[in-house]
Structure formats: C-alpha cells, structure tokens
Amino acid sequence: SLLLLVNSYGSSPEKDFIPHTALGILLLIISALVAFTGVRHSLSHSQLFSSLCLTVSALWCGLGLVYILIGQSVLPLSELKSSLIPGLAAFTLALFIIGTVALFMNNPVLLVIAVSISLACAHQIAGLSDSGFGQSATAANYLLVCLVCAYFGFGRLLSTITQGKVRPPGTVMKQKFELKTEQNQSCSDVVSVGLVMNLLSASVIACPLLGVVPQLSVGHVPWLWTAGVFQLGMCVLFYRALDTLAATFYGFTSLLKFAEGYSALLSLYSIQPFSPVPFPVVFAVLFSVLALFSCQKSLLEGFYQLFFVAYCISIAAQPQGFFQAGTQGVQGAIFVATAGVLFVTTFNMVSSTRIPTGHRHFKTVVTRIRSITLRDLDKERHTPHLGYSKYADAEVLGHACNVLAAFAITATVGDRNPLAVLGLPWAVMAGGVLQLLCGSVAFARGKTFESTAFILYGLMWTVWGLTRFGGLYGETRGFNVAVGIICFMLFNLLVTIAALFLNVAWFVYAFTFQLILISFLLDAIGALPYGYDIGVTIIFGLISFYCFLAHLFNSTFQSPQIPLGRPLVKLGGVGGGAGVCPHVPARKATSVQQIAEIMKNGGICGMPTDTVYVLVAACNRPDAVIKAYKVKKQAQDRPMSMWISSVKQLEPVRHLLSSLLLDFMEAAWPSSISMVIPRGPWLDIFGLGDAAIHIGTPQSIAIRSPDCAVATHLINLVKSKVMVQCPSRFK
C-alpha cells in the first residue's frame with residue numbers, strides 16, 4: 001500500500017513516478033509474501049484474515065503483471081485502461097463483500113483494510129476513465145491502509161513479545177480450536193478465495209459485452225492466468241482440507257481460466273481461436289455430475305456449479321468461444337451469482353449464525369431411499385498410509401483430467417493454424433499440469449501406483465499436446481519421436497502389469513492407454529490406419545469417465561458401489577496382497593475393535609502407549625508372536641515382554657511372588673514399572689507354545705500393566721495377555 005501510495009501521489013498524467021516494470025516486479029514480490037501469509041494462516045488462524053490476504057495477493061499479482069507488460073512494451077500505454085478496469089472492478093466488489101462480512105463480525109481492522117483497498121480500486125478505475133479525476137483519492141485510501149496495517153502489525157508484535165499479556169484492540173485473531181466444529185467442517189478457509197477468482201474471470205470475460213472494454217485482449221491474460229494459478233493453489237489446499245468435491249471443482253474452473261487466457265493471448269498474434277464442439281460438451285457433462293454430487297454439501301453449491309454447465313454449453317454452441325456474446329453473457333450471469341455466493345459463503349465461514357444453504361436436504365432425500373446408504377462425511381476415510389501426508393484422494397480429478405485430455409486430442413486441426421484450435425490448453429493443462437498435481441497428491445498419500453500412472457500419463461499428454469497443437473505436428477514425425485514414444489510404452493507396460501494386481505478397472509485403463517501410445521507410434525512412422533487414433537482415444541475417454549464416476553459415487557455412497565473389479569493376479573505367501581495394512585486412529589473405539597479382530601486372527605499391531613511405540617501380538621497365537629519377533633529388529637537386544645490389563649491375570653504365577661511384591665504392584669500399576677520374574681513352566685498356561693523362547697531372556701520375563709487406556713482396552717478385547725516389543729525403527 002505504501003508503494004502504491006507513493007506512486008499515486010508522485011505520478012502525473014504525463015509521467016509515472018515509478019517505472020511500470022519496476023512497479024510490477026515489486027508488486028509481484030509483495031504479492032508472493034502476502035500469499036504465503038494467507039496460506040500459513042489458512043492452516044492455523046483466522047479464516048477471514050486468510051481470505052483477505054489471498055484476495056489482496058491476487059489483486060497485486062494481476063496488477064503487477066499488467067504493469068510489467070506495459071513496461072516491456074508488450075502492450076501499448078493506450079491499452080492500460082482496458083487492461084486494468086475489468087480486474088479492478090472484480091476486486092472492488094470482492095473486497096467490499098469481505099469488508100461487509102468483517103463489519104458483521106465486528107472486526108474493525110479487517111473492515112478498514114478491505115474497504116479501503118476496495119475504494120482505492122474504485123478510484124483507480126475513475127482515474128483511468130477520466131484523467132482529470134486524479135489519483136489523490138486512490139493515494140488517500142492506501143494511506144489509510146498503511147496506517148491500519150502498521151497498527152495491526154505493531155499490535156501483533158507486541159502481543160507476541162509480551163506472550164499475550166498486551167493485546168491492542170482489533171489485533172486478536174481466533175485460533176481454529178476456538179471456532180465451532182460444525183463451522184470448520186462445513187467451510188474450508190480458502191473457499192472464498194476460489195470464488196473471488198471466479199468473480200475475476202467473469203468480470204474480464206463479461207466486460208466486452210457491456211462495452212466497458214473493446215474486446216478480450218492480451219492485457220487481460222495476467223488477470224485470467226492469475227485466477228487460474230490461484231485456483232490451482234486452492235485445489236491443493238482443498239485436498240489438504242480433505243474436501244475432494246471442492247478440490248475437483250476448482251481444478252475444473254482453473255482449466256477454464258487458462259483456456260480463456262490462452263484465447264486472449266492469441267490476439268497478440270492476430271489468430272482467431274476456434275473451439276471444437278466435443279470437448280466443451282464433455283466438460284459440461286463432468287460439471288453436471290460434479291454439481292449433482294456437490295448437493296450433498298449444500299444445494300447452493302450444486303446450483304452454483306450448474307452455471308458452469310451452461311457456460312461450457314455456450315462455448316460448444318459458438319465456434320469462437322470466449323469472444324462471442326453468448327459466452328460472455330453467461331459469464332455475466334456467473335458474475336452476479338458468484339457475488340451472492342461469495343457473501344453467503346464468507347459469512348457462514350466466520351459466523352455462528354448461518355444463512356441457510358440447504359446443506360441437509362440431500363441427506364434427507366437419500367435416507368428415504370432404502371436401497372442407498374449415504375457415506376458419512378468422515379475425514380478419517382482419507383487417512384493415509386502410515387508415515388505419509390494427510391490429503392484427500394485425488395483419483396476423481398485425475399480420471400476426469402484423462403477424460404478431458406482424451407476428448408481434446410480428438411479435435412482435428414485440418415487446414416487451420418494448430419494454435420488456433422483450442423486443444424492446447426485442454427490437453428496440456430488438463431491432461432498434463434493438473435494430472436501431475438493429482439499424481440503428486442497421490443504420492444504424498446502413499447499411493448505409489450496411482451501416482452506413477454498419473455504422472456506418466458500427465459507427461460505423455462503434455463508432450464503430445466504440445467506436438468499436435470503447438471505447431472510441431474507436421475515436422476516431428478520420424479525415428480526420434482518413435483524412440484521417445486517406445487520409451488513411454490515400456491513404462492506404461494510396467495504400469496499395466498502392476499494393474500493386474502490392483503483391479504480390473506485399472507488394468508483396462510492402463511491397457512487402453514497403451515493402445516493410444518501405439519497410435520502415437522504409428523503416426524510417428526507414418527503408418528496410422530484411418531480413424532484408429534480417434535477410436536482408441538474415445539474408448540479410453542469413456543473408460544476414464546467410468547472410473548471418474550465410480551470413485552465419485554463410491555466416495556459418496558456406502559452402498560451400493562460401482563464395481564471396479566478384483567485383482568486379476570493374486571500374490572502368494574504371507575498376506576498374499578489381499579489388503580493394505582490398516583492405519584486407524586487410536587482414539588476411536590471402533591478402531592480398537594478392528595485391531596482386536598485382526599490380532600485374534602494372528603495379526604500384529606503397532607501402537608502408541610504411555611511410553612513408546614510398541615509392536616504387539618496375542619499370547620494365545622504363537623504364530624503371531626513369532627511373526628512379531630521376526631519383524632522386529634534388534635529383538636535379542638530388546639527382549640519382548642508381557643503386558644496385562646489387571647493384576648488378577650497373574651493368578652497362575654502368584655506362587656512365584658511374595659505378598660509384599662503383589663501389594664506393591666497393585667499400588668504401582670498401571671504405570672511404566674515392569675516386574676521381572678523367573679521363567680518357568682507357568683508360561684505354558686498362556687498358550688505360547690514354541691513361541692515362548694522369543695519372550696524375555698533365558699532367565700527371566702518382564703511383566704507390565706500399561707497406563708494407557710487404548711492398550712488396556714485392546715488386551716481385554718483380545719482376551720489374552722499381549723506380547724509387546726519396542727523397536728526404535730517404529731517411531
């Protein structure tokens with residue numbers, strides 16, 4: 001704000017105080033810092049503060065990019081007005097809505113910051129429209145922002161130094177644990193930012209229809225691609241918030257932003273874009289399915305997503321896509337709808353008093369259908385494998401990306417300039433960038449196979465999309481391209497073989513993609529049969545759509561389930577690849593019951609206790625004891641011990657203990673104290689059999705009653721003493 005304040009006061013209609021390039025670079029740096037603050041606070045602190053930071057960051061990012069284009073003479077100075085007004089108009093409204101919510105929440109600091117920047121944007125629009133208006137009003141608003149931010153920052157610093165003893169009014173931010181649980185589960189911290197980006201792109205696309213700007217141009221690309229990049233970031237944060245539906249929706253909308261920006265960029269080369277019909281129709285179908293399933297969160301969210309269904313249909317109905325009035329008119333409707341949804345969502349996000357959005361109607365209707373059981377919105381179902389990060393499953397978006405890329409690649413270029421056909425943003429962004437993101441999320445969750453497939457396919461779609469729609473299609477046929485495709489085929493062959501051990505759907509999925517790679521190879525050597533590539537690509541797209549629908553349906557409904565098939569090949573030996581080791585939260589009674597059943601059947605379990613992490617097995621299952629001994633490293637250096645839940649379980653060895661020792665252990669247990677007694681035939685009472693040699697030392701055995709409710713409850717459920725070991729590698 002101080003930077004823009006100085007520039008507004010020091011500039012004149014004839015000359016700018018700070019050169020455009022320098023101003024743009026400084027704004028980008030500041031934007032990155034503010035975005036970092038917003039993301040960090042979205043994970044720990046006040047939600048409204050986070051939304052404001054990320055919104056202002058997007059504003060200054062887009063503003064800085066436009067200034068850089070002007071400074072580098074990519075855009076003439078005469079286009080500064082038409083380039084800035086659509087973006088500034090969107091942020092004027094968005095920040096005013098955030099400021100209004102801050103007013104309702106009695107947060108004067110955020111109110112002043114949001115409204116002041118909103119008014120600064122409005123006055124900047126007035127100054128661009130009429131040079132006689134001047135920029136003094138803009139500078140005055142930024143001066144107010146500087147003063148309030150200085151007060152806020154000083155107050156936070158003072159609170160930190162004094163450890164919360166001194167808190168100036170208006171500088172206290174509620175932690176998440178102080179907010180209501182229902183409030184946190186129903187709205188993610190960054191949902192408002194995603195809506196602001198939709199508001200931004202709608203403003204840019206609709207302004208030519210209203211006559212605010214002559215037409216969509218290169219100057220609008222920074223705003224559109226800023227919205228796309230921020231929505232990709234929101235997509236990752238929604239996966240982190242375990243909200244698959246929201247992550248998928250904003251992944252979809254980010255694709256639209258990049259396609260809009262690509263169309264605007266073509267005007268720099270005087271190329272008129274052409275939108276092939278199949279792809280927008282497929283996108284509309286995906287949006288329709290997503291809107292239906294999003295109704296389980298709220299009817300408002302599902303209804304809002306239907307606007308994007310209409311938007312995709314309007315793109316399909318008009319060959320020039322974003323440049324025609326019908327498409328721009330739908331974006332005008334999206335602008336109005338987004339403004340309303342933004343206010344409702346932001347208000348519900350921070351307020352205990354909620355505006356009704358119909359978030360229980362879907363559940364009410366489904367529960368009346370006896371043949372369908374709705375799955376609870378339990379975040380624990382996204383629990384990762386042991387040791388990996390906690391993200392939601394990205395398979396829904398990953399399969400959808402393959403649907404989009406497959407149908408985009410079927411577009412024929414013909415005699416047109418390859419860049420003119422709107423296939424490059426769909427194939428490269430949907431099939432490439434977004435699928436690489438899904439592969440990264442899957443890798444973070446510990447899903448090695450899924451991450452390998454998504455990353456491999458993402459790379460292939462990126463390479464082939466750039467080749468086919470990047471103007472290189474007719475120049476790259478030959479041996480070199482064939483070698484590269486053969487390498488991809490070898491990698492995908494390994495994926496196809498691995499899919500045999502997963503399920504039928506994944507095998508057919510990988511095998512069909514192998515057929516697509518064969519079509520690429522035949523095309524590279526000039527031996528492609530007519531229609532083969534389009535045929536196999538459409539088949540792969542339909543299979544991808546089935547997987548998309550199955551994962552979305554199965555994550556929503558507990559029964560019935562859309563089948564994905566069983567493994568075609570099963571492994572032999574211990575476990576046989578029958579399932580994945582469950583990783584369940586110890587605080588849930590159902591989790592302890594699940595582990596108890598596994599241990600009764602000869603399984604072993606790793607769990608936290610009152611001291612260290614331990615590996616446990618039931619005494620009456622000698623095979624489990626031997627398995628635990630073999631799994632544990634350094635078992636001889638750290639002997640296994642016996643755990644009990646009550647002193648009454650020591651009746652078989654009472655004759656070995658003095659009354660004084662028994663009285664002491666009754667007083668001391670449960671605790672971390674272990675009682676060491678000599679070995680003897682009494683061990684046979686517990687059903688250890690030949691496994692007894694693996695417990696304790698040759699001379700003695702340690703017995704303990706842990707001061708851990710989970711461990712004690714598990715012992716009682718297994719109905720056996722429990723063997724325990726404490727391997728250091730298990731921590």
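A Cβ is built for glycine as well, from the same backbone N, Cα and C atoms used for every other residue.
Lifted from TrEMBL, the feature list:
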- 589-731: domain 'YrdC-like' (DOMAIN)
- 48-70: transmembrane segment (TRANSMEM)
- 82-104: transmembrane segment (TRANSMEM)
- 109-127: transmembrane segment (TRANSMEM)
- 139-158: transmembrane segment (TRANSMEM)
- 190-211: transmembrane segment (TRANSMEM)
- 249-271: transmembrane segment (TRANSMEM)
- 277-295: transmembrane segment (TRANSMEM)
- 302-323: transmembrane segment (TRANSMEM)
- 454-473: transmembrane segment (TRANSMEM)
- 479-502: transmembrane segment (TRANSMEM)
- 507-528: transmembrane segment (TRANSMEM)
- 534-553: transmembrane segment (TRANSMEM)
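When each of 82-104, 139-158, 454-473, 479-502, 534-553 is scored by its Cβ pairs under 8 Å to the transmembrane segment (48-70), the top-ranked stretch turns out to be 82-104. Highest Cβ pair count under 8 Å relative to the transmembrane segment (277-295), across stretches 82-104, 139-158, 190-211, 249-271, 534-553: 534-553.
Between the transmembrane segment (190-211) and the transmembrane segment (249-271) there are 3 or more Cβ pairs closer than 8 Å, counting only residues 6 or more apart in sequence, so the two stretches are in contact. With a threshold of 8 Å between CB atoms, the same-chain residues lying at least 6 positions outside the transmembrane segment (454-473) that come near it are 394, 398, 401-402, 405, 408-409, 413, 417-419, 421, 423-424, 426-428, 430-436, 438-440, 442-443, 481, 484, 488, 491-492, 495, 513, 517, 520.
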